[in-house]
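Visitor: Below are the structure tokens for one structure; questions will follow.
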Amino acid sequence: MGMTLFDSPSFSNHEGVHAFYDEKTGLKAIVAVHSTARGPAVGGTRMWNYATAAEALEDVLRLSKGMSYKNAVADLEMGGGKSVIIGDSRTQKSPELFHAFGRYLNGLGGHYYAAEDVGTSVEDIAEARKVTEFVLGLKDGPEASGDPSPVTAEGVFRSNLVVARRLFNQNDMTGLTVAIQGVGHVGAYLAEKLHKAGAKLIITDVNQANLEAVAAKTGAEIVAPDAIYDVAADIYAPCALGATLNPQTLDRLKVKAVCGAANNQLATADIGDELFKRGVLYAPDYVINGGGIINVASEMNARQTGGAYDASWVEGKLSRLMETFEEILERSVAENKPTHLIADAIAEARIQAAADKKAAALKI
Ligand code: NAD
């Protein structure tokens, strides 16, 4: 017999899990709301051809909990949630499917806001917006926050500067070499910023056009995809794939710090412990790549205040995020604990504090 929902380790006290089926469009979706303690749950909508509904459920539960943590460390007044649409994003999309999805979101009454993710596009979200207000990350209109990548890259860049100051005792990147894996949306912006700050760059990608464009602008050295782990660099900045910090790459990395944008960089949590033991500073991924979700959150802020996209609000949250990153690094040293565990502890404490405050207000 299969495992039930409540036995799944990923269930982890979710407030709600909602499954939707629309016969007309073939929509099969699961929305997981992990926590609304800090505000409405916000997290992207992933469209993926899951082999089984159980696999989709496992994915959405894991990802929604992750969003609670990411939104809390970014100090956003949002909880954590995520949704998945089961299907092939190349062949099974239709405007009607996203309208059906939007109508289901209306049924959740603002408990959860969806956004673009793997397999869905800004256009799909705009389609859903025709029937629901509970989506974020739009391209057009006064509230629209647009492409989050520049803000994500700015956060990762500032984190690199924090690392330069703490580990190398300098206020810019002069003389430091950064190895960037993936120069797509975020990686390309990051490369330019690091170059301007004086860093020497080594880059890799599987997309030749992206590589050439970035090398032309920054004078970066190009290496083959698999060679990026072996180069002589001070900082490794993963900006492509997840799980690149794993037992195979660990012994190859010569860097003093890992500081990049990719999600889920640690193949398993114990890799974070191992990096700590080896004296490699790991900048927790979901902390330093929070610029993107901050940019998306600005849309909810604009909607609540009846205003428009506000770059200064985004900047305020981004500076606050950098303070949290510094706090994580300081506590890691003071408490002799790996950074990823300190980040989780901060997120958990913030979520708990919000839950306690809500409970106190209800006098229960
Ligand atoms: P992207 O798709 O624009 O860029 C990824 C780049 O990595 C592409 O150029 C791709 O060709 C390259 N790549 C793919 N496989 C590779 C490989 N094996 N070796 C080297 N390069 C490879 O994506 P993005 O928006 O720049 O995001 C990059 C990472 O940052 C992702 O992990 C994403 O989840 C994460 N992230 C992005 C944002 C954002 O605002 N875009 C926010 C938070 C986290």
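These residue numbers are counts, starting from 1, taken along the chain as shown.
A Cβ is built for glycine as well, from the same backbone N, Cα and C atoms used for every other residue.
Pulled from TrEMBL, these are the listed features:
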- LYS82: active site, proton donor/acceptor (ACT_SITE)
- GLY182, VAL183, GLY184, HIS185, VAL186, GLY187: NAD(+) binding site (BINDING)
Visitor: List the residues in the vicinity of the NAD(+) site, defined as same-chain residues other than GLY182, VAL183, GLY184, HIS185, VAL186, GLY187 with C-beta within 8 angstroms of the site's C-beta centre.
Guide: SER149, ILE180, ALA188, TYR189, LEU190, ASP205, ASN210, CYS239, ALA240, ALA261
Visitor: Pick the one among the binding-site residues GLY182, GLY184, GLY187 whose Cβ has the fewest other Cβ atoms within 10 Å in this structure.
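Guide: Comparing Cβ neighbour counts within 10 Å for the binding-site residues GLY182, GLY184, GLY187 gives GLY184.
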Visitor: Measuring CB to CB from VAL183 (NAD(+) binding site), give everything in the same chain under 8 Å that is also at least six residues away in sequence.
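Guide: Residues satisfying the criterion: ALA191, ILE203, ASP205, ASN210, LEU211, ALA213, VAL214, CYS239.
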Visitor: Among the recorded positions LYS82, HIS185, point out the residue whose Cβ has the most other Cβ atoms within 10 Å, with all shown protein chains included in the count.
Guide: LYS82
Visitor: Measure the Cβ-based neighbour count of VAL186 (NAD(+) binding site), defined as the other Cβ atoms within 10 Å of its Cβ.
Guide: 29
Visitor: Please report the three-state DSSP label of the residue listed as 'active site, proton donor/acceptor'.
Guide: strand
